[in-house]
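Working notes, beginning with the structure itself.
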Amino acid sequence: MATELEDLVEHMRRFAWPDYLVFVSMLMLCILIGVYFGFVQRKPNTESEYLMGGRTMLVFPIALSLIASFISGITLLGLPTEVYSFGIQYVYVALGVTLMGFVMSFIYLPVFHKLNITSTYEYLETRFDRRLRMFGSVMFTIMNIGYLPIVIYVPALAFNQVTGVNIHVITPIVCIVCVFYTCVGGLKAVVWTDVVQTFSMFGALVLVAVKGTIDLGGTDVVFRSAWNTGRLERPNFDINPTTRHTFWSQLIGGFVYWLQTNAVSQNMIQRYLSLPSVAAGRRALWIFVFGVCLLMSLCSYCGLLIYATYQNCDPLTTKLARAKDQLLPLFVMDILRDLPGLPGLFVAGVFSAALSSLSTCLNSMSAVILEDFVKPFVHKPLSQRTINWIMRSVVVGVGALCAALVFVVEKMGTVLQLTMSLEAITNGPLLGTFTIGILIPWVESRSALTGGICGVIFMSWLSLKAQYWVATGTIVFPHKPMSVDGCTYEFDRSLVNVTSASEYTTDDIFPLFRVSYMWYTFLGAAVTILVSLLCSVLIFGRNDPKTVSPDLMAGFVRRYIHGPDTLAGQTNVRAVVTPNAYGKNGKTLHESAL
C-alpha cells in the first residue's frame, strides 16, 4: 500500500517544461528589473537613492510593495492550511488590521515621517539614548535572521511537492536571484519587483480559486460543506485567553501584532518614508490594508475549497501531503496538472511572495547595519564607496546565512503559528518601547531599556516554553472534522486517530503557556510598558516631558504637554536627523524650514 501512495505522489508531480518556463521567466524578470535600476537608469549611486529611492517614490507601487513584503509564502501556504484545519476564526483578524490602519495613520506614521530618518531605530536614540537604539537594532536583526529562513523554506516546500526537487537545491538558487537584484538595484528594484510579484500572487490565487470552484460545481458546494463542518462560523466571543482564536484575540491581539509589524518595523516603515509626504504615506497605508484583507480572503477561500475537494479523504492523514504546508501545492497539482504552464504560474506566485519578503528584509537589514551598527561608531564620515560596499556586503552575507539556516527550519512544525509565536519575542518589546517614546514622555531611557529587556526575557520564556509543549504534542489544538472514508487509494490506516505519546495532558500545563499565540505581541508590549512605568515611579524617577522635543510625540500628546500652539507653529517645519543631532531625551532638535 505504501507503493500505491508513492505512485500517486509521483503521478501528481507533472511539472512539465511549460511550468519550468513560467517559473524561470519570473526569476529572469526580477533579474532584469534589478539590471535596469542598477545599470540602465542613470541615478546617483547614493545612500538615499539605494535605501530610500530618493524619497520620491510613488504611492501605488509602494502600496503594492508593502502588500508583497508582508504577505510571504508563509501566508499563502499557511493560511489555507489554517482554514482547512481549524475554520475561518483566524480571518477575523481583518478587523484588527483595519483598526491598525487608523492608529498608525494618526499616531505613528506622522512622527516617523517628520523626522526624515532612514533607520526606524534612530528614533530611539533621538528620544532616549544610544543604548535604546542598539537594543532596537539588535532585536530587529535577531528577528529577521530567524524569520527569513522560514520565508525561504515555505515556497521550497511547494516546489518540492510539485516537482520532487530537493528544497536545498532550489533555496540557494532563489536566494542568489534575490540577492542579485537587491544588491544591484536597491530600493527601487525591490519595489518594482514587488509590484510584479503582487500581481503574480493575486493571479495565482484567483486561478486556483476559479478552477477549483468550477471543478466542484460552484461556490454553494464550497460554502455548504464548510458550514456543515463548522469551518464557516460566526466570531467566537469567548473571553478565555487560552482559546486559540476568538473575536477578541483577533481584534485586539491581531491589532497589536499588525501594529508592530507595520507601524514600527524597519521592513515596512522604510517604504512609507520613501514617499514624499505623510498624506502619500496614508494613501499607501489604506491601499495596503485593503489589499492584505483581500489577499487573506482569497487564501481563506482556497482553504475552504481544499476541504470541499478532500472532505472524504484527508491528504494530511493519509500523508499524501507530507507536511501541512504542502496542502495547497498538492491541491494545485491535482486540479491544474493537465493544464501546462498553470502549475508553474502558481509556484511562481508562491515564490514571488517569498522573494518580495526576502528582498525587503535584506534591503532593510542593509539600512539598519549601516545606520545603527557602523555610522555611530566611526569617527569620520564614510566615503560613498565605503557605504556602497557595506550596504551590498550586508545583503550578500545575510542572504547566504538565511539560505544556510533553512536546514534548521525544516525541522520545525506548521509555519503560520510558529512564525507569529517566535516573532513576538522581539516584536512585543519593540512595539512597547516605541509606544513609550511616542505616547509616554514621562518615561526616561533607563526605565525604557529595563522594560524592553524584561519584555524580551519574559516573551522568550513564554514563547519558547509554549512551543516546546506544542512540539511534544502535549498542547494539542483540536481540528475540525476530517474523514478518510472516501479514499480511493491505499494508505497506512494506523495513522488514523494517532494520539500524543506525551506523559502530560494539556490541563497539566501552566495556564500561561496555553495562552493563544495571538496574544503574544500584546503581552510583550504590555510587560515592557508596565515595567518601564514601574521603574519610572519606583527606581529611576520621572522624566520632565517638556524636555522631550514636540516632534517626537504623537499629536494629541504634544498638544497636552506643549499646548495647542505647538502644532500650528511647526506646520512648515521638517526635522532632519543627523548622527548625534539630539541630546538625551530629545532635548535638542535641529530643524530646517522646507
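Cβ atoms here come from the backbone N, Cα and C positions, even for glycine.
Since we're looking at a predicted model, the values are computed, not measured.
A Cβ distance under 8 Å defines the sequence-distant neighbours of the transmembrane segment (20-39), meaning residues of its chain 6+ beyond its ends; these are 173-174, 177-178, 180-186, 188-189, 192-193, 196-197, 200, 341, 344-345, 347-348, 351-352, 355. Feature annotation from TrEMBL assigns transmembrane segment to 20-39 (among others).
TrEMBL lists 59-79 (among others) with the feature transmembrane segment.
Positions annotated as transmembrane segment by TrEMBL: 91-111 (among others). For the transmembrane segment (91-111), same-chain residues at least 6 beyond its ends with a Cβ under 8 Å from one of its own Cβ atoms are 83, 123, 235, 245, 247, 250-259, 262-264, 272, 278, 281-282, 285-286, 288-289, 292-293, 296-297, 300, 434, 438-439, 518, 551-555.
Sequence-distant contacts of the transmembrane segment (132-159) (same chain, six or more residues past either end, CB-CB distance under 8 Å): 72-74, 76-78, 119-122, 124-125, 165, 167, 170-171, 174-175, 265-267, 323, 325-326, 328-329, 347, 350-351, 353-354, 357-358, 361, 364-365, 368-369, 372-373, 376, 398, 401-403, 405-406, 408-410, 412, 415, 418-419, 422-423, 425-427, 429-430, 433-434, 445, 448-449, 452-453, 456. Annotation source TrEMBL lists transmembrane segment at 132-159 (among others).
Positions annotated as transmembrane segment by TrEMBL: 165-184 (among others).
If you look up TrEMBL, you'll see 285-310 (among others) marked as transmembrane segment.
TrEMBL lists 345-369 (among others) with the feature transmembrane segment. Long-range contacts of the transmembrane segment (345-369) within the same chain, counting only residues at least 6 positions beyond its ends with a Cβ under 8 Å from a Cβ of the stretch, are 15, 19, 22-23, 25-27, 30, 51, 65, 68-73, 75-77, 118-119, 121, 137, 140-141, 144, 147-148, 151-152, 154-155, 158-159, 162, 174-175, 177-179, 181-182, 186-187, 189-190, 193-194, 196-198, 200-205, 207-208, 266-267, 270-271, 329, 332, 336, 390-392, 394-395, 398-399, 402.
Away from its own ends, the transmembrane segment (389-409) comes close to residues 47, 50-51, 144-145, 148-153, 156, 167-168, 171-172, 175-176, 178-179, 182-183, 358, 361-363, 365-367, 369-370, 374, 382 of its chain (Cβ-Cβ under 8 Å, at least six residues beyond either end). Taken from TrEMBL, the feature transmembrane segment applies to 389-409 (among others).
Residues annotated as transmembrane segment in TrEMBL: 415-440 (among others).
The transmembrane segment annotation in TrEMBL covers 447-464 (among others). Counting only same-chain residues 6+ beyond the ends of the transmembrane segment (447-464), those with a CB under 8 A from a CB of the stretch are 128, 131-132, 135, 139, 421-422, 424-426, 428-430, 432-433, 436-437, 512-513, 515, 517, 520, 523-525, 527-533, 535-536, 539-540.
For 517-540 (among others), the entry in TrEMBL reads transmembrane segment.
The largest share of C-beta pairs under 8 angstroms with the transmembrane segment (59-79) comes from 285-310, of the ranges 165-184, 285-310, 517-540.
Long-range contacts of the transmembrane segment (517-540) within the same chain: residues 93, 241, 244-245, 249-250, 252-254, 256-257, 260, 417, 420-421, 423-425, 427-429, 431-433, 435-436, 440, 442-444, 446-448, 450-452, 454-456, 458-459, 462-463, 466, each at least 6 residues beyond the stretch ends and with a Cβ under 8 Å from a Cβ of the stretch.
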